[in-house]
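Q: Heads up, here are the entries from TrEMBL:
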- Asp551: active site (ACT_SITE)
- His603, Cys613, Cys615, Cys620: Zn(2+) binding site (BINDING)
- 69-407: domain 'UDP-N-acetylglucosamine 2-epimerase' (DOMAIN)
Amino acid sequence: MQHLNSEHHRSFSAHQELYYLRMQRMREKTDKMEENKATRKLRVCVATCNRADYSKLAPIMFGIKANPDEFELEVVVLGSHLIDDYGNTFRMIEQDDFDIGSKLHTIVRGEDEAAMVESVGLALVKLPDVLHRLRPDVLVVHGDRFDALALATAAALMNIRILHLEGGEVSGTIDDSIRHAISKLAHYHACCTRTAEQHLIAMCEDHTRILLAGCPSYDKLLAAHHRDDYMDIIRNWLGDNVKEHDYIVALQHPVTTDIKNSIKIYELMLDALISFNKKTLVLFPNIDAGSKEMVRVMRKKGVEQHPNFRAVKHVPFEQFIQLVCHAGAMIGNSSCGVREAGAFGTPVINLGSRQTGRETGENVLHVRDADTQNKIYHALELQFGKRYPCSKIYGDGNAVPRILKFLQTIDLDEPLQKTFCFPPVKEWDISQDIDHILETQSALAVDLGGTNLRVAIVSMRGKIVKKYTQANPKTYETRMELILKMCMEAVIDAVHLNCRILGVGVSTGGRVNPQEGVILHSTKLIQEWSSIDIRTPISDALHLPVWVDNDGNCAALAEKKFGHGKGVENFVTIITGTGIGGGIIQHNELIHGSTFCAAELGHIMVSLDGPECMCGSRGCIEAYASGMALQKEAKRLHDEELLEVEGMVDLKKAESVSAIHLINAARLGNHKAEAVLRTAGMALGVGIINILHMVNPSLVILSGVLAAHYQAPVQQVIGQRALTSAQSIQVLTSDLEEPALLGAASMVLDYTTRRIY
């Protein structure tokens with residue numbers, strides 16, 4: 001046996017090394033998290049439902065409380081803790097000096113199957129308010145109780161990370177189903193044995209989120225079971241005449257899948273104990289279905305009045321450790337018998353099927369078919385008074401430090417959606433991807449720019465399946481004719497590409513009434529394009545619904561569905577191209593304004609006497625920072641022979657001077673070009689600060705050909721000139737190559753698939 005224990009110790013130690021190697025590989029992530037520690041602690045909510053799970057959770061709670069610089073502890077108490085018949089055990093939590101944040105009365109009395117279901121439902125009704133108020137980063141849930149299932153369900157649906165203790169174990173009853181269900185809801189796992197860890201991996205849980213910690217209760221019991229006052233504790237509970245190793249601890253719970261048989265076993269156990277004639281401490285069963293009938297059996301047999309028996313509802317865990325450690329035997333079907341008792345070598349008689357499948361030491365004698373009093377009595381004769389080698393299958397006394405380190409590695413920036421590690425599946429030649437069987441839902445996107453007219457087939461995932469490009473005609477008639485021709489061609493091609501066109505989205509410059517599908521006023525770059533009903537002719541020709549919006553708004557919609565704005569409630573997108581435009585998403589909705597010019601961001605004035613803008617005003621952002629404004633400045637410097645520097649392409653051979661030439665000149669050290677770009681960046685940055693101070697978005701996305709050039713200067717200006725509350729707002733450059741087309745497509749895809757637009 002000593003050899004087996006040493007083998008187990010080496011296995012435990014080897015696995016610790018593997019775990020810390022994984023932690024070492026996560027060092028970069030941990031270093032990043034360290035930067036945030038000064039400003040944010042990990043808010044950990046520990047929820048306890050009964051006396052048994054508190055014995056496992058309390059050591060973790062003490063560990064969290066002892067590290068106030070790293071963690072904030074919230075405690076939620078529910079379940080049988082708050083019932084008088086079960087000892088009002090919430091008081092021991094208060095005696096341990098923990099502040100209970102919420103007490104939830106969740107138990108529907110009845111102690112039958114229906115009451116258990118109703119209790120889960122009641123907990124689910126009450127938990128959302130508590131979790132919403134506490135807003136924990138991580139919820140710690142233990143074990144396999146129906147209360148814990150309610151906790152895990154509520155937390156998972158409220159997007160709260162879950163750490164599950166003691167997952168992966170097998171006990172042979174409905175508890176297995178509940179335990180495994182909680183494991184599937186949980187994001188992180190702290191298990192007790194190597195076998196449990198392997199079970200979790202076999203259940204397709206991510207091995208990087210599984211910690212082989214050991215049982216937290218072992219930290220306390222291995223450190224505290226050698227108390228000098230243990231005889232005082234024994235006499236306090238069992239009387240002055242009792243001796244060490246000369247009494248029995250009995251703890252039997254109902255088996256909810258076989259209540260009738262479990263009550264019969266309980267009755268036979270009590271008969272055997274009465275006949276065995278030893279001092280016995282009998283603990284009341286838990287609150288599962290069938291417990292009320294078991295208590296009736298106990299009282300019918302007069303156990304509470306019997307001189308050899310002491311029936312109690314609850315014993316504090318520290319004292320319970322001493323009682324189990326020095327008992328002559330423990331009998332029943334409690335997990336304590338197959339787990340904690342092994343650490344002391346206390347002989348155990350396990351009755352029935354409730355712990356079938358648990359890993360046990362040699363101290364456990366199973367009586368699975370406990371159908372007669374004599375069989376149980378004989379087991380008592382075999383076990384009583386023996387001592388077995390101590391077993392550390394369930395831990396080595398260092399679980400809590402491991403769990404605290406594990407909590408510290410949780411990256412709150414990681415995606416909340418958990419992934420499962422399914423084993424590889426053999427691919428059969430006859431299998432097909434769904435897209436080969438069903439049509440791909442797609443949109444037809446149209447983008448009318450100052451230079452080009454583009455049409456694209458865009459899939460639901462934002463993939464441009466096929467794109468068509470032509471020069472944008474100068475007159476209305478030829479432009480509409482070309483739009484319809486290109487759209488008809490795309491619709492025909494879509495059939496061969498297995499794409500089902502759900503509708504048409506149109507992105508265009510200028511002011512647009514999206515409700516009517518009318519272009520109210522166009523930019524000077526697109527002629528004969530004001531007061532145009534574009535929806536009707538396209539819809540009539542293609543027999544498809546049509547949506548129309550401004551190109552800046554479309555860029556914002558593209559980011560919302562496919563880009564950095566996905567999942568962001570409030571953000572602004574700014575297009576930096578030939579002109580300056582953009583769109584504003586506020587509370588997940590695109591803002592149009594009363595006359596559909598809410599996001600004319602390029603015409604925010606940043607100077608009273610600045611350069612003239614194409615809108616007719618002066619000092620607009622567009623007059624400083626647009627591609628046209630930079631091209632104008634590049635031509636001016638070129639005419640004054642101040643643009644070219646060593647290393648530039650000979651501009652005399654170039655077709656025309658553009659903004660790109662200005663940017664290249666600045667990169668090569670041209671101070672005049674640098675000054676122009678500095679002014680443009682300052683103007684754009686000041687304009688964006690005005691936006692931040694007005695609508696207070698959480699994110700700014702720069703799109704268009706000049707976005708990468710402006711990102712750093714704009715972020716710098718915000719840091720220097722914005723209000724303190726707005727200085728931390730991040731400025732990102734868009735990753736989308738075709739924002740106008742994707743935004744036009746998103747109008748179709750969101751509406752036709754019953755999303756809100």
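Residue 1 is the first one shown; counting continues down the chain.
Cβ coordinates are placed from backbone N, Cα and C, and glycine is handled just like the others.
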Q: Name them in sequence order: residues not among His603, Cys613, Cys615, Cys620 whose Cβ is within 8 Å of the mean position of the Cβ atoms defining the Zn(2+) site.
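A: Here the non-site neighbours turn out to be Gly602, Met605, Met614, Gly616, Ser617, Ile621, Glu622, Ala623.
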Q: Minimum Cβ neighbour count within 10 Å among the binding-site residues Cys615, Cys620: which residue?
A: Cys615
Q: Across the domain 'UDP-N-acetylglucosamine 2-epimerase' (69-407), what does the mean pLDDT come to, as a whole number?
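A: Average per-residue pLDDT within the domain 'UDP-N-acetylglucosamine 2-epimerase' (69-407): 90.
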Q: How many whole Å apart are the CA atoms of Asp551 (active site) and Cys613 (Zn(2+) binding site)?
A: 19
Q: Which number gives the other C-beta atoms within 10 angstroms of the C-beta of His603 (Zn(2+) binding site), all protein chains shown included?
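A: A 10 Å sphere around the Cβ of His603 (Zn(2+) binding site) contains 20 other Cβ atoms.
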Q: With every protein chain in view, how many other Cβ atoms are within 10 Å of the Cβ of Cys613 (Zn(2+) binding site)?
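A: Looking across every protein chain shown, the total is 22.
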